[in-house]
Every structure is written in structure tokens, then in C-alpha cells.
Amino acid sequence: MELLNAFVVSLQAVWADSGFSAFTMGNGIMILVGLVLLYMAIVKEFEPLLLGPIAFGCVLANFPRTGFFTDPGLMQAIHYGIENEIFPPLIFLGIGAMTDFGPLLARPVTLLLGAAAQIGVFVALVGAMLLGFTVQEAGAIGIIGGADGPTAIYLSIQMAPHLLGAIAVAAYSYMSLVPLIQPPVMKLLTTQKEREVAMEQLRPVTKFERVCFPIVAAIIISLLLPPIASLLGCLMLGNLFRESGVMDRLSDTAQNSLCNIVTIFLATGTGMTMNADDFLRTETLLIIGLGLVAFIAGTAGGVIFGKIMCRLSGWKINPLIGSAGVSAVPMAARVSQVVGMKAKPGNYLLMHAMGPNVAGVIGTAVAAGTMLAMLK
Amino acid sequence: MSQPVTTNPLIIMLINMTVVFLVLMALGVVINLIHIIDPTKPKAAPKEEVVEEAPAVEAPAAEPVTAPVEEGISPEVVAVIAAAVASMGYGAGSVRAIRPLDRDNWKNSGRNALQSRF
């Protein structure tokens, strides 16, 4: 009898300590959300390298009593890296090492398209404030329109950490949906004649220009907007690794191993912010809706400014490259290429669209820096 | 968290967009300055090319020995190649000469294998 009692008490203790006893309906829903995101990442291949770990992180975050954020360990270390803005600049280091600024240097006027596309950020900010979000929350939500995951995470952590999960998921989901969201907006705002504009070949860019640009840009932007010095400093450092020609090993590490490792940490950690208490709210749906508005407005802003530049340049700039100003490197540039090719086979816009595309990355970071300076 | 400078969304939008445009325009100026002071840029290279190209176009008329299209290539093949080049966005003047590749199949196979990965 005593043995049976001991057995029952032990079983009760195991049950009481298990996750099942503390499992809530909210946890169940969030695990389902995680599984749906995993399906989208693996089967539909929507940004699988990011959405995969985010989705799995979401599943992990909804196991009760794991102590992920309270007990020292790997998960707490990952959370520390996100909370203290360590991972986004490291991702930017890799992006810098992967990015060719050549098209931007060859035609600097396309910087304006990257600036115009940032209108999406502020349209969403206005929308969020009208829906009752605080100014800091609205700024963090608006940055989804920049289509730049690391910057969105960087800004959210500083301005609205409780919304990080929803903002990151909205940003990465819409980035993966760029090929579906942008073309209808681009076609709606341009005429067939505008879409057929062929652009002149870009001038060759010398190594001197390629090496000087990241150094000078880092100095100017960091002095002007210190809050984003670590983001843009890392972007330019990574690019210097790439362009200097004498740091190939560092460039290789930054754009491959380091970037992959940090992506695993950043994406998993972001997914782990999606616990039921923080995510299952009406605000999440509003954020996802506002993110879509931001993407559409950003695309429209870039294309409309592209139309203006098309006229001012005497039909030498195809307005379709304006949509690439929303960052999402290089997917947005590919969309410009595909839509341009459909309008006129043989019209290659990819390299031309890379100019506004990388300008968009810088523009989004500048917008984030300005908001941090004004609103934080 | 300190107090925000303003909470008027339209003013925030206006100020931020202005700053984004100004910073990116400043970067544009920097890029142009770097291009201007670049000591390694090729000097007046395009002009020389034009000077060289002009007689090159007239050269075949003066020296019929260097025929742009080799014998054995029919006018239909020339038309098809010119059309293919034009469909890629180049003018008819871009075709300077049409010559058959050497028929070394081993060499061609090697080239194809190397280029197929791109």
C-alpha cells in the first residue's frame, strides 16, 4: 500500500511539474500558429531561412515552465542578444559584405527612390496613431514598411519591446510576399509606355569609389544619427571587407558563417517572443494589417517618385525601379526586373533596381534613427 | 524613455521624410565628390573610343579584305542573329562581325560545362 502511495505521489509530482498542467488554450493556439508558419516556410518556401526558426521559436516559447527567460542558459543568452541589440547589427555586417553598392555609386540619383519609398513607414505610423497606438509603438509598427527585418527588430526593441513578436513576424511575412504584393501596385500606377522604358547601361565603378564610399558614408551617417551608428557602421564595415580586396576571409565569414549563425539566433529568439500572453491580442491583427498598408504605400511612393524622375530625366529612368526602394534586398529588385520583362522582353532592370534597393536599406535605417532621436 | 519631441503624426511624417531625403541627398553628393576626386578613373576614355570606332565602321568599305560576315553564312542566319541581338536591347550597329566558332567539339563542350553553372 505504501509503495502504491509513493508511486501515486511521484506521478502527481511529475504531472504538477510538467508543462501539461500549466498548458493554456492560448499556448495551444500559438503552437498552432507556429505550425502554420512552419508549413509556410517549409512547404510554401516563404523566406524559409527566417520564417523556419521564427516559427519553431514560437512553438518553443509556448511550452510552459521551461524557464527560458528566467534561468541562465542558451535561450536566455539568445534573448540577451536581441534585447541588447547585438544581433541586428551583426546581420547588417553580413548584408554589407553581400551587397554590391556599385549600381548605387554608378547612378546616385536612385538614392532618391530609396528615400521616397520610406513614405510607407510614415503612412503606417499615422495609421497606427489613429488606431490608438502610442507614438513609440506607432514608430515601431511603421518601420515594417521599410521591409528590413533587422532594422524593424532594432527599432521595436528600443521603442515597443512588447510588440517585437508581432512586428517581426509581420515584417518577415510581408518581405516574403513582396512578389505578390508589389506587382499589382506597380502595374496600377504605371502606363505600358512607362514600363517599357529601357535604361542606359551603368558606368563602370572604380575600386577607389567602392572602397571610399563605405568609409565616408559610415563617418557621415554615424555623426549625423548616432542611434543607428552600430547598424550602419556594421553595414559599411561589411561592405569594406568585401570591396577592399584584402579582407576576403573576413568578408567570407561575415556573409556566410557569421550571418547564418546570427540568423539562427535572431530568428529563433524573435520567434520566442511570440508567447500567448504577448501575441494573442487585437493589436497583433492591427499590426499585421498596418504592415500591409505600409508595404503598399512604400511601393506606391517609390513608383510615383520613379514616374516623376522618368519625366525629369527625359524618359531615361523606368519608374518600375522605384518599387525596389522598399529594401527587401534583393527580392524587390527582382520584382522590378520581372514586371519590366513582362512589359518588354529583353528589358533588364535588375542592376538598375539594385540602386534604389540598397538605398532603401540605408533609407530605412535613417528613418529608424530619426524616429529614435525624435520619439524615444 | 524621455518625452517625444512631438506626438502629431503628420509633423513626425514631414520631419522624418525631410531628414531621410536630406541624408540620402547628402550621400549622393558624397558619391559624386568621390567620383570627381577619384585619381584612378579612366580619363576621357569614351572620346578615344569614338574616334577609334568611326574609322573602324568605314574600314570594311575601304578594305574589303576584312569581311564582317564570313563566307558560308547565309543572309537568313545573319538576319536571325541580328534579330536576337536586337531583342536583347542592342541596336543593329552592335553586330560587327559574324564568324563561325572553331569546330573543336571537345573545346566547346568544356566551355558549355564551365558556363552552365551561371
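From the backbone N, Cα and C atoms, a Cβ is placed for every residue, glycine too.
What TrEMBL says about a protein is an automatic prediction, not a curated fact.
Since the structure is predicted, the reported quantities are computational estimates derived from the model, not experimental observations.
Straight from TrEMBL, the features:
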- A:20-42: transmembrane segment (TRANSMEM)
- A:49-66: transmembrane segment (TRANSMEM)
- A:86-105: transmembrane segment (TRANSMEM)
- A:112-132: transmembrane segment (TRANSMEM)
- A:138-156: transmembrane segment (TRANSMEM)
- A:163-181: transmembrane segment (TRANSMEM)
- A:215-241: transmembrane segment (TRANSMEM)
- A:253-272: transmembrane segment (TRANSMEM)
- A:284-305: transmembrane segment (TRANSMEM)
- A:317-333: transmembrane segment (TRANSMEM)
- A:353-375: transmembrane segment (TRANSMEM)
Closest-packing stretch to the transmembrane segment (A:86-105), where packing means Cβ pairs under 8 Å, from A:163-181, A:215-241, A:284-305: A:215-241
Surrounding residues of the transmembrane segment (A:215-241) on its own chain - C-beta under 8 Å, 6+ positions past either end: 85, 88-90, 92-99, 101, 150-151, 154, 247, 250-251, 254-255, 361-362, 365-366, 368-370, 372-373, 376
Tertiary contacts of the transmembrane segment (A:20-42) (same chain, 6+ residues out, Cβ under 8 Å): 48, 51-52, 54-59, 61-65, 169, 173, 176, 271, 274-277, 279-280
Candidate ranges A:49-66, A:317-333, A:353-375 - greatest C-beta contact count to the transmembrane segment (A:138-156) (under 8 angstroms): A:353-375
Cβ-based contact of the transmembrane segment (A:253-272) with the transmembrane segment (A:112-132), 3 or more pairs under 8 Å: no
Stretch-level contact, the transmembrane segment (A:49-66) and the transmembrane segment (A:163-181), CB cutoff 8 A, at least 3 pairs: yes
